[in-house]
Amino acid sequence: MRIGIAGITGRVGRLLVEEVQAAGAVLAGGTTRTPDRAEGLPAACPLFADMSALAEVCDVVIDFTHADTVVANAQALAAKKVAWVLGTTGLSAQQNTAVLKAAEHVAVVHAANFSPGVTLVQRLARMMGQALPPDAYDAEIVEMHHRQKVDAPSGTALAIGRAVALGRGVALEDVRESGRDGHTGPRREGAIGFAALRGGQIAGEHDVLFTSADEQITLSHRAFDRRIFATGAVRAALWVKGREAGLYSMEDVLGLPPL
Ligand SMILES: NC(=O)C1=CN([C@@H]2O[C@H](COP(=O)(O)OP(=O)(O)OC[C@H]3O[C@@H](n4cnc5c(N)ncnc54)[C@H](OP(=O)(O)O)[C@@H]3O)[C@@H](O)[C@H]2O)C=CC1
Ligand SMILES: O=C(O)C1=N[C@H](C(=O)O)C[C@H](O)C1
């Protein structure tokens with residue numbers, strides 16, 4: 001099984017190199033715009049400037065890069081019929097549409113967070129959204145990440161928010177309150193709030209709080225090391241090889257029954 005890594009010089013990309021090799025798969029190559037940053041990568045690993053060239057030598061590409069690459073990567077992988085494990089966050093509506101279009105041609109596993117723990121938190125958040133009435137329980141999501149992170153709120157926070165919204169039978173876009181500052185007025189009933197903190201080298205922390213007049217229930221997830229994302233993504237790559245075209249989630253990879 002030949003796995004390629006888009007964003008191979010990145011924080012997650014470099015861990016993916018180790019995890020692909022630990023899984024006994026072939027490290028087929030990686031993409032980089034800056035080959036001079038490739039120090040420390042295996043000398044035998046081919047480096048390519050773009051996804052089309054990488055796709056030629058792969059069965060599956062694992063992609064942890066930047067939202068700006070998503071449209072071109074989607075088109076390249078669909079054209080070459082190569083499966084895609086996509087971890088990049090901060091996607092616009094147009095970039096999400098490109099992912100869906102690619103999934104008409106190839107198998108795509110798309111997750112804002114490849115850790116098994118967050119996959120379960122999303123499920124629990126959905127169940128809590130369903131069980132706790134929005135006029136009584138205020139849902140707020142707090143996340144903290146390292147100082148280099150470029151998108152906010154995190155993809156995971158938004159995925160958890162979407163799960164709560166799904167449980168409540170509403171669209172997140174209709175109830176989202178992000179980045180409160182200044183004279184915001186009171187909290188809207190049924191709002192799902194987001195707060196994003198940045199600092200140090202925190203790999204990823206997410207809390208979902210449901211607060212009523214009488215009690216508070218909190219779901220917490222802490223990633224102690226970002227390797228958890230790399231091991232999850234490699235697990236997804238091994239799982240997705242040979243699958244039919246379609247959009248898959250980490251729930252599918254873990255084999256969780258539908259809710
Ligand atoms: N789903 C999940 O479980 C997780 C998702 N993520 C997400 O994965 C993505 C990458 O995270 P991380 O590894 O920390 O980021 P890094 O910035 O460390 O790595 C991203 C790599 O992508 C490459 N790249 C290609 N195109 C661009 C571009 N237009 N702008 C910036 N970089 C580009 C860069 O390599 P070069 O310069 O060599 O081309 C860079 O090294 C983020 O969106 C992050 O939120 C992160 C952790 C877990
Ligand atoms: O950029 C990161 O580091 C992370 N990004 C993902 C996100 O935006 O949710 C997942 C994880 O929290 C780490």
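Positions of Cβ are set from backbone N, Cα and C atoms, glycine also.
Any TrEMBL annotation is an automated prediction that lacks curation.
As annotated by TrEMBL, domain 'Dihydrodipicolinate reductase N-terminal' applies to 1-114. Per-class residue totals from DSSP over the domain 'Dihydrodipicolinate reductase N-terminal' (1-114), listed helix then strand then coil: 44 helix, 25 strand, 45 coil.
Around R11 (NAD(+) binding site), the C-beta neighbours below 8 angstroms that are at least 6 residues distant in the chain are Q148, R226. Summarising the annotation, TrEMBL assigns NAD(+) binding site to G7, I8, T9, G10, R11, V12, G87, T88, T89, A111, A112, N113, F114.
Summarising the annotation, TrEMBL assigns domain 'Dihydrodipicolinate reductase C-terminal' to 117-254.
Sequence annotations record features per position, and here TrEMBL assigns active site, proton donor/acceptor to H145. Around the Cβ of H145 (active site, proton donor/acceptor), the number of neighbouring Cβ atoms within 10 Å comes to 25.
DSSP assigns T156 ((S)-2,3,4,5-tetrahydrodipicolinate binding site) to a helical segment in the three-state reduction. Taking Cβ-Cβ distances under 8 Å and a sequence separation of 6 or more, the neighbours of T156 ((S)-2,3,4,5-tetrahydrodipicolinate binding site) in its chain are T89, A112, N113, V118, E143, G204, H206. Feature annotation from TrEMBL assigns (S)-2,3,4,5-tetrahydrodipicolinate binding site to H146, G155, T156.
Here TrEMBL flags K149 as active site, proton donor. Sequence-distant neighbours of K149 (active site, proton donor): residues of the same chain at least 6 apart with a C-beta under 8 Å from its C-beta are R198.
In this structure, the CA atom of G87 (NAD(+) binding site) is 16 Å away from the CA atom of H145 (active site, proton donor/acceptor). On the 0 to 100 pLDDT scale, the domain 'Dihydrodipicolinate reductase C-terminal' (117-254) averages 98 in the predicted structure. Using CA atoms as reference points, the recorded positions H145, H146, G155 were checked against T9 (NAD(+) binding site), and the closest is H146.
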